[in-house]
C-alpha cells in the first residue's frame with residue numbers, strides 16, 4: 001500500500017509568510033513610536049513622521065523583496 | 001507494511017497562516033498605541049488616528065498580499 | 001518489521017492554526033490597552049472602546065479570512 005499524499009502548493013508561499021513576520025511587527029513598531037511621540041509632543045508630528053518613512057521603507061522592503069523572490073526562485 | 005499517510009491540503013494555506021502573524025500583532029500594536037495615547041491626551045485622538053491609518057495600511061497590506069499570493073503561486 | 005505511521009489530516013488546518021497566532025495576541029493587546037487606559041482615566045472609557053472596536057475588527061478579520069481560505073484553497 002502506497003502512502004496517499006495529496007499536498008499541493010509551493011514552499012515559496014511558506015517562505016513569503018515567514019518573510020512577513022519581521023516586517024509586519026517591525027513597521028508597526030515604527031508607527032507605534034510615532035503615535036506615542038505625537039501623544040507626548042503633538043507639534044513634533046511632522047518631524048517624527050519624516051523619520052518614520054525612512055524606517056518604514058527599509059523594513060517593508062524585506063517583505064516586498066520576498067514577493068519578488070517567491071516568483072523568481074524555482 | 002508501508003506507512004499510511006493521508007495528508008491533504010495546500011502549503012499555500014500554511015504560508016497565509018504565517019503571513020498573518022506579523023500583521024496581526026503589528027496592526028494591534030498600532031491601535032494599542034492610539035488607545036494609550038488617547039488615554040493620556042484625549043484631545044489628540046484625531047491626530048493619532050490619522051497616523052494610525054497610515055501604519056494600519058502598510059502593515060495590513062502584507063497579509064492582504066498573502067491572500068493574493070496564496071491563489072497566484074502554484 | 002517496518003514502523004507503522006498513520007498520519008492523516010490537512011495542511012489547511014495547520015494554516016488556520018498559524019493564522020490565529022497573530023490575531024489572538026493582537027486583539028488581546030488592543031483590549032488590554034483599553035483596560036490600562038480605563039484604569040488611568042475612567043471617564044475616557046467610551047472614547048477608548050470606540051477606537052478598540054476599529055482595531056478589533058481589522059485584526060480579527062485576518063483570522064476569519066483564514067477560516068474562509070481553509071475551505072477555498074485546494
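Using N, Cα and C of the backbone, Cβ positions are placed for all residues, glycine too.
Here TrEMBL flags B:13-35 (among others) as transmembrane segment. Residues 45, 48-49, 52, 55-56, 59-60, 62-63, 65-67, 69-70, 73 of the same chain lie 6 or more positions beyond the ends of the transmembrane segment (B:13-35) yet place their CB under 8 Å from a CB of it.
Sequence annotations record features per position, and here TrEMBL assigns domain 'V-ATPase proteolipid subunit C-like' to B:16-72.
Taking Cβ pairs closer than 8 Å, the transmembrane segment (B:47-73) reaches residues 10, 12-13, 15-16, 19-20, 22-24, 26-27, 30-31, 33-34, 37-38 in its own chain, all 6 or more past its ends. The transmembrane segment feature in TrEMBL is assigned to B:47-73 (among others).
Residues or ranges marked as site 'Reversibly protonated during proton transport' in TrEMBL: B:60. In sequence order, B:23, B:27 are the residues of the chain that are 6 or more apart from residue B:60 (site 'Reversibly protonated during proton transport') and have a CB within less than 8 Å of its CB.
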